[in-house]
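*Asks:* Let me give you the structure first, and then I'll get to my questions.
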């Protein structure tokens, strides 16, 4: 039979649908003209298919191509790189669709389609996207099935079914490959989505910054603890330490004369002296927390962890101020394993340069605050008494914890401490640190998150943007860096129960502040769904996306004891080859003996039933003899047996056309009735 | 099929109490097969053949086979006609619609094979010219199972030409009483009314071909054939020709039963008559019992 090189009509629908759905995620990201191009292409194609217009000629298509390339360059400023490249790919995909006439074009389009699907996963790897891409791939496969169908009267839905079955058959293979195939590091590092401004902590802290974060319920990161979960009030997730102050804004500062190599410790370098001491102290302490953090993309380099975090990941470094820093920006979800030893802070030393940095205050800011601090200094005989005095001050004076603090005048410190007295955590942390430095105690501001909510399903912790927090750390001789949270002195509920509780206690409700506290709340079904969605999302991340070389080795060494390439190759061979052999054998066996049909099974069921009821029958019993045997032994079942026999003979032997399914359904019903009658 | 029922009723009036055998004989005819009746003399073989011929309005000839018979005695012979100075064929008894070959095992193998060839080919070749036999053409052969002295037993290959082998057996006491009370059998046969003519019978034969047999039924037939081949109790299993014959006979049986599709029961009903004479036991024992046992052991509907 001559192949039809024309695209079969019954595949056109699937092809259009596949093209649209594959491009859809990119359209949301890409420039607006791209959606316009897609609509234009589909409309032209529809008109062509209905023979209203001819297929656009070579000139028109070339013009369209040039315009597309020009627009891409206009939108992105270049034609390479992930964003521009993918945009160009999607545009070309649409243009290719326009000129599909022959089977060969359709093949090109489909291969492009698979590729476009894959690029969707470059930007977002959540489980929903995964299923979406799976649906797209099913559609594309349905197209492949369709264009390879020789029967021109074939129906489109059948292709989809065939494709779905084929993909389902591929699932075990996928799982085996996923588990066993070694992960190869990417050949090039793509900077995807860099420079996009999203909610999240910035590297400076000025009044009003954290409170604006508090209006977002986006997830910042998730934590799965192995073993003990620290209580709410101890869950301080440090991100940044801010040590220089210009009177309004706190920034990061490096002590003078310290090399970056001495400040940051990576896994592959000889550790500086302070790190060895810290590590030794950490080993002696029994209290430590082990957990895995999965961070949402922050497009920053710093990571979040509790003090003092130790990591083994070669891409992460620990800074002298107990922070974790990644080698590159966190542009995709990042998982990392941390062991935190809270008491190790005492092993740290303070160099004179650091002391100098932690005491520096901008001149001419906060004269009243300075004098208050000096007075505390004179009255107290130790640094810790000064700290206590300051906390008492915050607690006893009429300070308010509020999301909507009034604007501060020129001198943000004095104005807050002595006039407005209404502020959010950053106001308290900032002014407290100022007071400490003024009193001669080295101090710094720490920005990060505090608290977080436990997912009731598996107990992993979800930290959202509204958990953002700022607090202080002061240097006390003999104890090292000590965390002091002035907010706790004003609004203890914030620390113990979270922001919502704190605001409620202050007489504000979330709704009249326009806040979105869509964390896990209540037992409503909607709440339950959210909890489960969160759980699935987190597990997807930890089990699937974070399954990198390290975890693969860890997992495989549980099975193979020692993992060698030979063993992996053997396992692959066994896992893939054995099922293939089995399937082959089964197919050969099947060719010898076609499987029992539903009708045959139906007879066998009744036959077995009668035998179970104690009637011995020869294998050569015909349906009629079976029915007669039943009515002889159980006269009350005679009518049903007769009906069964008539229906069965008609179905099996009369070769009359009819609704087979319906016939089988009746037979099954009759058998069920017989089942009750045969006693 | 009313005509068939009537035919059965007619023949039943002279061959008393043998409905099953009558039906088989009828099925054999409908399936365009030849019939071998194995019985003692005087059991009504001739009456049966004669009655069938009457009922279906067929030309009927009877040949008594003897050891000194030659093929020409059956097929015919070319004779020189001095007047026309040409050879002309004098047709033998085989040129009829229903031939009763009595005691076929008394003839020499040469004569037997001449007849059997005619049965299979439905044509006769004499002196290089081929002449078709009448349509329809049936052979009802008889043989005496007990008196084997001076006989030439039909080899298996020849037996395969007969679609069915039946035996009538002694009548039951009541039937025999009726038989004795009745009048002259020959007279009664002559009084039988014709139901269908030969042409009608050919038409019915074509109808048999249209009886439906589903894939499942063919499967069952195949399993039965397979079972005879796999059973060590038999010297050899049934041939494909036997299988085709079995299916044709089952179809005819279904037609007699008034159905247009074949049931496993139809296959089972004709099974002994079709299979028994084709099978030989390896170490004695009743072939009939063995053949029957296969019906018990071969599943009608495939088991898991």
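We number each residue from 1, going along the chain as drawn.
Backbone N, Cα and C define each Cβ position, glycine as well.
As annotated in TrEMBL:
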DOMAIN    A:417-488  domain 'Transglutaminase-like'
TRANSMEM  A:31-48  transmembrane segment
TRANSMEM  A:60-77  transmembrane segment
TRANSMEM  A:83-99  transmembrane segment
TRANSMEM  A:106-124  transmembrane segment
TRANSMEM  A:130-148  transmembrane segment
TRANSMEM  A:160-181  transmembrane segment
TRANSMEM  A:568-589  transmembrane segment
*Asks:* For the transmembrane segment (A:83-99), give me same-chain residues lying six or more residues beyond its boundaries with a C-beta closer than 8 angstroms to one of its C-beta atoms, as numbers and ranges.
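*Replies:* Residues packing against the transmembrane segment (A:83-99) from afar: 15-16, 19, 22-23, 26-27, 29-31, 34, 37-38, 41-42, 44-45, 55-56, 61, 64-65, 68-69, 71-73, 75-77, 105, 108-109, 112-113, 115-116, 119, 122, 192-193.
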*Asks:* Near the transmembrane segment (A:130-148), which same-chain residues lie under 8 Å Cβ to Cβ, leaving out any that are not at least 6 residues past its ends?
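*Replies:* Distant Cβ neighbours of the transmembrane segment (A:130-148) are 7-8, 10-11, 14-15, 17-18, 21-22, 25, 103, 106-107, 110, 113-114, 117-118, 120-121, 154, 156, 159-160, 162-164, 166-167, 540.
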*Asks:* Please give the sequence-distant neighbours of the transmembrane segment (A:160-181): residues at least 6 beyond its ends with Cβ less than 8 Å from one of its Cβ atoms.
*Replies:* 14, 134, 137-139, 141-142, 144-145, 544, 547, 552, 555-556, 568, 571-572, 575-576, 579
*Asks:* What are the DSSP helix/strand/coil residue counts across the domain 'Transglutaminase-like' (A:417-488)?
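*Replies:* The domain 'Transglutaminase-like' (A:417-488) comes out at 24 helix, 30 strand, 18 coil.
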